[in-house]
Amino acid sequence: MRVLLHLPALLASLILLQAAASTTRAQTTRTSAISDTVSQAKVQVNKAFLDSRTRLKTAMSSETPTSRQLSEYLKHAKGRTRTAIRNGQVWEESLKRLRQKASLTNVTDPSLDLTSLSLEVGCGAPAPVVRCDPCSPYRTITGDCNNRRKPALGAANRALARWLPAEYEDGLSLPFGWTPGKTRNGFPLPLAREVSNKIVGYLNEEGVLDQNRSLLFMQWGQIVDHDLDFAPDTELGSSEYSKAQCDEYCIQGDNCFPIMFPPNDPKAGTQGKCMPFFRAGFVCPTPPYKSLAREQINALTSFLDASFVYSSEPSLASRLRNLSSPLGLMAVNQEVSDHGLPYLPYDSKKPSPCEFINTTARVPCFLAGDSRASEHILLATSHTLFLREHNRLARELKRLNPQWDGEKLYQEARKILGAFVQIITFRDYLPILLGDHMQKWIPPYQGYSESVDPRISNVFTFAFRFGHLEVPSSMFRLDENYQPWGPEPELPLHTLFFNTWRMVKDGGIDPLVRGLLAKKSKLMKQNKMMTGELRNKLFQPTHRIHGFDLAAINTQRCRDHGQPGYNSWRAFCDLSQPQTLEELNTVLKSKMLAKKLLGLYGTPDNIDIWIGAIAEPLVERGRVGPLLACLLGKQFQQIRDGDRFWWENPGVFTNEQKDSLQKMSFSRLVCDNTRITKVPRDPFWANSYPYDFVDCSAIDKLDLSPWASVKN
């Protein structure tokens with residue numbers, strides 16, 4: 001009788017035990033399914049990465065690389081960036097396979113167990129890749145540990161920040177324009193190349209130069225951009241065939257999103273049906289997995305820290321140093337010099353695309369903190385100046401502090417050079433970029449706040465591409481009297497991509513630096529946006545007659561990144577959102593441009609953010625429109641206020657050191673690191689020689705005496 005009384009409880013316990021066992025079996029089955037699926041995905045993705053590396057090596061050995069192969073050389077992921085992108089691709093491929101299995105077998109969707117999936121892939125929650133020393137006076141190379149509360153905030157190889165949610169065709173990863181016939185807000189999207197042809201292109205180069213901004217103004221923008229963001233491409237497919245499908249046959253699929261040519265496009269006659277386009281690298285989503293939409297990677301630190309000099313990758317940062325010397329120096333070229341002054345070291349990895357630009361000279365690409373250093377000769381020139389300045393600072397600090405070891409000298413010189421980039425950007429560059437909107441978006445510095453998010457936003461990577469419209473069609477080299485230098489003083493822009501030989505074998509950097517100081521940038525004009533040198537001849541090899549279209553690439557990249565449209569960003573910035581032709585005309589102050597845009601897009605809501613932003617008229621005394629002023633200003637304010645090592649933050653430098661730092665200038669950088677003796681006082685403004693130039697003796701020097709150790 002007593003047993004019967006306890007029978008219900010026993011039965012209930014038995015049921016619970018059976019349920020628990022069933023749950024455990026289901027969990028084990030699910031975990032096993034995830035493990036098997038991830039293993040299969042890893043095999044596929046790893047093969048794609050291996051194939052890509054082999055393919056690139058073979059292409060560079062051919063001595064006749066194509067535009068695509070030159071671009072791939074620049075956008076090829078390395079080191080920890082490569083690992084992060086590989087994990088992102090494995091995660092997305094695994095999730096796709098698991099969802100397919102779930103729908104086929106009608107079982108509970110295993111993708112709900114996203115934590116297990118992330119751990120199996122190797123993602124995990126973002127954590128610092130270095131041990132944080134809260135008392136260290138120096139930044140880490142990776143950007144970790146800047147924010148003590150969230151040590152990974154702003155670090156390299158994390159997702160770009162979203163200020164507005166991503167907008168993909170399928171809500172997850174497919175870009176708008178992917179599926180033929182599918183509309184956005186009721187209208188089909190125009191081809192990216194068609195937008196470039198009808199909105200961005202122009203024929204006549206007359207009257208395009210900016211009468212108030214020097215060529216250095218354009219070049220500084222590129223330097224800053226390469227300090228802040230870089231998203232290498234994904235790896236495509238797992239076979240040579242899939243690569244050929246994208247590269248040669250324009251077959252869309254996987255991470256291939258070719259830029260198709262519209263009917264009667266002049267490029268169609270020489271380049272076939274399309275320009276190949278590979279989608280940007282992305283990372284695993286992070287807990288709590290509120291969104292599974294694809295998030296593109298930023299391979300660099302988000303901080304304005306001169307990472308283009310020192311790298312955001314620890315292994316490369318070490319490789320860039322001269323560790324055989326106790327002076328804290330950066331490594332320099334051991335094979336050639338610029339009239340006794342150092343060049344960047346050559347990249348020892350062979351083969352090098354720069355060698356094939358001139359197969360007689362065969363000058364390799366340079367090795368620098370940013371992989372894009374040899375992309376263009378003026379960029380390589382800028383990198384060279386910063387390399388020399390680091391070594392100059394390190395030697396001078398050693399003279400003041402003989403007891404300092406190489407590590408201390410390296411870190412102190414790096415810290416000063418980082419402050420230099422911050423000061424020039426905020427004191428000299430941004431005020432004449434943002435004009436009257438500077439104070440609105442970047443108020444005076446009030447100190448560091450760990451609650452400010454310093455991460456580079458996804459939209460900023462498009463906003464900062466306004467600089468592509470400031471690039472003129474040719475570059476000039478000038479002699480000591482700022483007159484044309486040598487038999488070829490003017491060089492078409494497209495001949496200077498990967499062109500290291502022009503520097504090493506044909507005059508050094510001084511003639512190029514003088515061109516930066518005395519020649520003008522191109523002016524952003526609504527009817528003359530981007531020079532044909534970039535719109536038709538980007539990365540055009542010397543042995544070929546065609547190149548890429550940078551405007552079409554920028555437009556396609558907006559869609560690849562899932563960028564919301566023009567009006568979404570206007571609303572974000574508290575600006576009006578035009579809906580009609582009249583309203584768009586009011587914003588753009590150009591009925592012709594408004595008509596063209598509506599004819600292509602159907603609605604202002606669909607205008608790609610890069611196109612809409614560059615179409616706006618310039619703000620007073622600035623060089624961008626209101627929307628760009630908002631996006632750029634907001635980003636730079638966050639970069640500054642969310643950086644614990646910002647040069648003005650109390651405790652980073654002493655008051656005496658800060659007083660010295662404020663005397664730094666780009667003109668002094670030139671005086672100290674070239675043979676140039678005459679420079680302008682305001683090098684970002686358009687200057688005429690000799691009226692606006694002074695002797696280097698009239699330019700303030702950086703006084704390093706406040707860095708002298710008390711012990712000395």
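All positions are counted from 1 along the displayed chain.
Glycine is no exception: its Cβ is also placed from the backbone N, Cα and C atoms.
Note that the coordinates shown come from a computational prediction; the quantities given were computed from them, not determined experimentally.
Annotation comment: Swiss-Prot describes 1-26 as signal peptide, evidence class sequence analysis.
The disulfide bond annotation in Swiss-Prot covers Cys132-Cys145 (among others).
Feature annotation from Swiss-Prot assigns heme b binding site to Asp225, Glu375, His468. His468 (heme b binding site) counts 25 other C-beta atoms within 10 Å of its own C-beta, drawing on all protein chains shown.
Per Swiss-Prot, the feature active site, proton acceptor maps to His226. There are 22 other CB atoms within 10 A of the CB of His226 (active site, proton acceptor), with all protein chains counted.
Sequence-distant contacts of Phe303 (Ca(2+) binding site), defined as residues of its own chain at least six apart whose C-beta falls under 8 angstroms from its C-beta, comprise Arg139, Gly143, Asn146, Gly154, Pro454, Ile639, Asp643, Phe645. Secondary structure at Phe303 (Ca(2+) binding site), taken from DSSP and collapsed to helix, strand or coil, is coil. The feature Ca(2+) binding site is assigned by Swiss-Prot to Asp227, Thr301, Phe303, Asp305, Ser307.
When secondary structure is read from DSSP and collapsed to three states, Cys256 (disulfide bond) falls in the strand class. Residues or ranges marked as disulfide bond in Swiss-Prot: Cys246-Cys256 (among others).
The disulfide bond annotation in Swiss-Prot covers Cys250-Cys274 (among others). The Cβ of Cys274 (disulfide bond) lies under 8 Å from the Cβ of Cys250, Pro258, Ile259, Met260, Phe261, each of these being in the same chain and 6 or more residues away along the sequence.
Secondary structure from DSSP puts Ser315 (phosphoserine) in a helix. All chains included, 12 other C-beta atoms sit within 10 angstroms of the C-beta of Ser315 (phosphoserine). Sequence annotations record features per position, and here Swiss-Prot assigns phosphoserine to Ser315.
Under DSSP, Cys354 (disulfide bond) is assigned to a helix (H, G or I) in the three-state scheme. The Cβ of Cys354 (disulfide bond) lies under 8 Å from the Cβ of Val363, Pro364, Cys365, Ser374, Phe498, Asn499, Thr500, Trp501, each of which sits 6+ residues away along the same chain. According to Swiss-Prot, the disulfide bond annotation covers Cys354-Cys365 (among others), on the basis of sequence analysis.
The Cβ of Arg372 (site 'Transition state stabilizer') has 18 neighbouring Cβ atoms from other residues within 10 Å, across all protein chains displayed. Swiss-Prot lists Arg372 with the feature site 'Transition state stabilizer'.
Sequence annotations record features per position, and here Swiss-Prot assigns 3'-nitrotyrosine to Tyr482. In this structure, Tyr482 (3'-nitrotyrosine) belongs to neither helix nor strand by DSSP; it is coil.
According to DSSP, Cys630 (disulfide bond) is assigned to a helical segment. Among the features that Swiss-Prot reports, disulfide bond is placed at Cys573-Cys630 (among others), with the record citing sequence analysis.
Annotation source Swiss-Prot lists disulfide bond at Cys671-Cys696 (among others), citing sequence analysis. The 10 Å shell around the Cβ of Cys671 (disulfide bond) contains 20 further Cβ atoms across the protein chains shown.
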**Message:** So if I measure Cβ to Cβ from Cys696 (disulfide bond) and keep only same-chain residues at least 6 apart in sequence, which ones fall under 8 Å?
**Reply:** Ser667, Arg668, Cys671, Ile676, Thr677, Lys678, Val679
**Request:** May I ask which of the recorded positions Cys145, Cys256, Arg372, His468, Cys573 is closest to Ser307 (Ca(2+) binding site) if we compare their C-alpha atoms?
**Result:** Arg372
**Prompt:** For heme b, with binders Asp225, Glu375, His468, what's the maximum Cα separation in whole Å?
**Reply:** 14
**Rounded to the nearest Å - Cα separation of His226 (active site, proton acceptor) and Arg372 (site 'Transition state stabilizer')** = 8
**Request:** List, in sequence order, the residues of the same chain other than Asp225, Glu375, His468 whose Cβ lies within 8 Å of the centroid of the Cβ atoms of the recorded heme b site.
**Result:** Gln222, His226, Arg372, His376, Leu379, Arg465, Gly467
**Asked** Of all the disulfide-bonded residues here, Cys246, Cys573, which one's CB has the most other CB atoms within 10 A?
**Response** Cys246
